[in-house]
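Here is the structure we will look at, set down as structure tokens.
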Amino acid sequence: MSPDISNPSKMNGGHELLKHALHNNIHTHKSVSDDTAFDGVAVNALEERPPLTKINSSPATTTPVSNPAVHSKRRRRLTFRPRMTPLDLANPESTNDQFRGFFTLFWLAMGFYVIQTVIRCYEQEGILLSLVFFRLFSKDGVALMVSDLTMVSMTLFSVPFSKLMLKGWLPYDHIGFYLQHIFQGFFLFINIYWTFWRDWPWVQSGFFTLHTIVMMMKMHSYTALNGELSLKRRRLKYLKQYLPSWIAEHHNGEGSPKLSISPSLSDVPDDMSIASEISNKSESDYQGYSPEDAAELKAMESEIELIEEDLVHGKTVFPNNVTMKNYLDYLLVPSLVYWMEYPRTDRIRPWYVFEKSLATLGSFLLLYVTTERYILPKLYDPTMSEPRVIVELLFPFMINYLLIFYIIFECILNAFAEISRFADRNFYDDWWNSVTYDEFARKWNKPVHHFLLRHVYASSMEAYKLTKTNATFLTFFLSSCLHELVLVIVTRKVRMYLFILQMLQIPLIVIGRHPIIRKRSWLGNVFFWAGMFVGPPLLGILYCREVFWTSMKQAGAI
């Protein structure tokens, strides 16, 4: 909980002021060790913030936006800048990659794979493709769509809630913080309850639960940032009102006191920020003060400088962002971390959206064929032993894993990024080259990784004074619980297999850092891919065999 920032009796002394300034800026300025990593998280994401840029039609070409108020003192914060996904056909680096031919070979092989499967299906059953799996995931589709829209609409409450925090009626350092988490808990509970009540098959249940968790993350990030900024704005208002009287009381009359602080929050010059004016002050400007008073004045001015920089993102000044239009735009942006202003492309490319939509449909066809012909028959075949099922499912599950990754992170997220003109397409890195599981954890799902880093890892260290080790464990634990929650809803049973495997990543990370593996990167990559091959089929056996059989019966597919 934040200290009382408006009461001068509780905030006396330059050291206390500076300490509070650093406390309030923990989420955007805290430097974290690159050695710590966890599921979906990389502490490497806190970087020096570059000037906001705007780009011409493609994230590959950037043009700096004029920003004369950029302060020379750069602090560490989460970075949003124009980037492209490694597998995007429009990415010049990917196009010129020496292994690009293997990417082409993979998709050609997948095309022949579908043709071969369709021919075999026609020869054996007299049909081109079975609709058994289609009947399963299309069941109750209208109700699912209406439920999903209703669930998303519930998050709109974040806007009036943020306005109440801004006005001080629900201060974020007190009741606002608790109400935020109470509403998020209610939001998660009511949607999970609805999923159980509708008794959807596993596909619909899994989709709705995952989307609910994503919306909860978005809602949390939005209210958390606006809550923190509302506290900083209140603190800034107090400092601007308090500083003139402080100067009049402590200046001894030698020279003329230089005051560049306006009591008005809205009085921020366009050509030069107050933060810039403060930074340009020289030692002569502090004549007429005792050494202790000069240190206290510098601390107050430094705090004002930090807060004013935090209240401005690009050309957007807080609280001008607290609008329904801004929030709806944030819902379309494929980022789980809210920022008042993101780097944008200058236009939407219809052909690019069409390309990603077509790639989604094509990849889903491959996913459907693999699931319907090579996974479902093995999972609910009672005559096949578990070890044999694992062997049979090694390649089908790996193909599906790659296809699901490609559909979500390359096709869907890029399509939404193009529609919202979001320029930072860094949704994943080259996780397939991972040597250790912590490297994989920080590369394969960057949106979640950024959220956990900002709102769980760094926040837990600041708010609860956890060590890096404990914060890492807490983040692993929370991530594992959410993964297990999805499977509990899908399977309607608590089995904890995925939770255990998730937590086992911690000792696996330690093993991956052994000198034998660190000195032989190829060995670490083999160790990583061996786990990726065995893990999904094993989870399929543990969770899905009985559930798939029950779901197919409920849907009338068998």
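Glycine residues also receive a Cβ, built from the backbone N, Cα and C atoms like all the rest.
Listed features, source TrEMBL:
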REGION    52-74  region 'Disordered'
COMPBIAS  54-66  compositional bias 'Polar residues'
TRANSMEM  102-122  transmembrane segment
TRANSMEM  142-166  transmembrane segment
TRANSMEM  178-196  transmembrane segment
TRANSMEM  202-225  transmembrane segment
TRANSMEM  350-369  transmembrane segment
TRANSMEM  389-416  transmembrane segment
ACT_SITE  His483  active site
TRANSMEM  496-514  transmembrane segment
TRANSMEM  526-543  transmembrane segment
Contact call for the transmembrane segment (526-543) and the transmembrane segment (202-225): at least 3 Cβ pairs under 8 Å, seq gap 6+:
no
Same-chain residue ranges lying at least 6 outside the transmembrane segment (350-369) that approach it to Cβ under 8 Å:
89-90, 110, 113-114, 117-118, 129, 133-134, 399-400, 403-404, 406-407, 410-412, 414-415, 418-419
What residues in the same chain, six or more past the boundaries of the transmembrane segment (202-225), come closer than 8 Å to it by Cβ-Cβ distance?
136-137, 139-140, 144, 147-148, 151-152, 154-155, 158, 161-162, 165, 180, 184, 187-188, 191-192, 195, 327, 330-331, 336-340, 448, 451, 454-455, 482, 485-486, 489-491, 544, 547-548, 551
Any same-chain residues 6+ apart from the residue listed as 'active site' with CB under 8 Å of its CB? Would you list them in sequence order, or say none?
Leu498, Phe499, Gln502
